[in-house]
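Okay, so here's the structure we're looking at.
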Amino acid sequence: MAVTFPRRALALCLLALLAGCSTVAGQLSSTFYKKKCSNLESIVLSAMTQAVNNEPRMGASILRLFFHDCFVNGCDGSILLDDNTTFTGEKNAGPNANSVRGYDVVDTIKANVEAACNATVSCADILALAARDGVVLLGGPTWTVKLGRRDATTASQSAANSNLPGPGSSLAQLRTFFSNKNLNARDLTELSGAHTIGQARCVNFRSHIYNDANINATFAAQLQQSCPSSGGDDTLAPLDLQTPTAFDNAYYQNLVAQKGLLHSDQELFNGVSQEALVRRYSTGAAAFNADFAAAMVKMGNISPLTGSNGEIRLNCRKVN
């Protein structure tokens, strides 16, 4: 008698499970470490609390670190790798050099996790949890972080240079960068709200405050006092002048008032398709919080290494 389709499908499924089917293995789970490292989240939160208490900006830095990891070959911890004789990594790529920070905080968390659960938790998962905790500690929303990522064994500076949107990106370019990661225009607007915390270097907003027309003149003049037309590249300014260390919806209020610090920020209020959502979040903090949390879960799902792919690094800066 021929095997009926449901039974045949079940048999194939069982074979796939025994073989370590990548589709099944690729599913992240909020309970992935429940038995293997049950106190993982409390360990990460404790270290992040200390880091943010010492320097509130660190919440934004770790969040940005996670963004820049996920946008380059997926959320695989590759951005944490130092250069070696085998590859030139992502740390000194154009969008990251002298800009991305927080590596030492991740090192501290990793050491604490290793002491409790040796060779069990990936650096990629630690970064995902730390990014969430940084947002929460600055007053933002929480979300359930899906876990089970494994760490990359290589990194690519060229991929970092080509996959990360820059501060001078147009709306069309931003949409393309996000679309390439299966994130839509709505995700773009929601995730850009991360710029409600953190700071940017003068070199990244100089052109916007001197050359763009879609910027409040008083706001531009104020920034020009600390960011000259030449020199002072590393001078910092808050991405959200109103509440730079509070995760809130002021970022969107700034865009409506043409006070976005970066050209790429203000671009979100430069096209009809994005403007309605910007206006909604500018007056609806609860809506922004809920949608940002959902978008972060979606972003954290970009091409994770799972199953037997990658490894669990013992040191986030180098492969085992």
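Keep in mind that glycine also has a Cβ here, set from the backbone N, Cα and C atoms.
Per TrEMBL, the feature Ca(2+) 1 binding site maps to Asp69, Val72, Gly74, Asp76, Ser78, Glu90. With a 10 A radius on its CB, Glu90 (Ca(2+) 1 binding site) counts 29 other CB atoms from all the protein chains.
The feature Ca(2+) 2 binding site is assigned by TrEMBL to Thr196, Asp240, Thr243, Asp248.
The annotation disulfide bond is assigned in TrEMBL to Cys37-Cys117 (among others). Sequence-distant contacts of Cys117 (disulfide bond), defined as residues of its own chain at least six apart whose C-beta falls under 8 angstroms from its C-beta, comprise Tyr33, Lys36, Cys37, Leu40.
The annotation disulfide bond is assigned in TrEMBL to Cys70-Cys75 (among others). Counting only same-chain residues at least 6 apart in sequence, those with a Cβ under 8 Å from the Cβ of Cys75 (disulfide bond) are Phe66, Asp69, Ala124, Leu127, Ala128, Arg149, Met299, Gly300, Asn301, Ile302, Ser303, Pro304.
Per TrEMBL, the feature disulfide bond maps to Cys123-Cys316 (among others). Sequence-distant neighbours of Cys123 (disulfide bond) (same chain, six or more apart, CB under 8 Å from its CB) are Gly77, Leu80, Val106, Lys110, Asp151, Arg313, Cys316, listed in sequence order.
Within 10 Å of the Cβ of Cys202 (disulfide bond) there are 19 other Cβ atoms, across all protein chains. Taken from TrEMBL, the feature disulfide bond covers Cys202-Cys227 (among others).
TrEMBL lists 1-26 with the feature signal peptide.
According to TrEMBL, the site 'Transition state stabilizer' annotation covers Arg64.
Of the recorded residues, Asp76 (Ca(2+) 1 binding site) and Cys70 (disulfide bond) place their C-alpha atoms 7 Å from one another. The Ca(2+) 2 site is defined by Thr196, Asp240, Thr243, Asp248, and by the 8 Å test on Cβ atoms against their centroid, the other residues of the chain that qualify are Ile197, Gln242, Pro244, Ala246, Phe247, Asn249, Ala250, Tyr251. Taking the binding-site residues Asp69, Asp76, Asp240, Asp248 in turn, the residue surrounded by the fewest other Cβ atoms inside 10 Å of its Cβ turns out to be Asp248. Take the Cα of Gly74 (Ca(2+) 1 binding site) and measure to each of the recorded positions Arg64, Thr196, Cys202, Cys227: the nearest one is Arg64.
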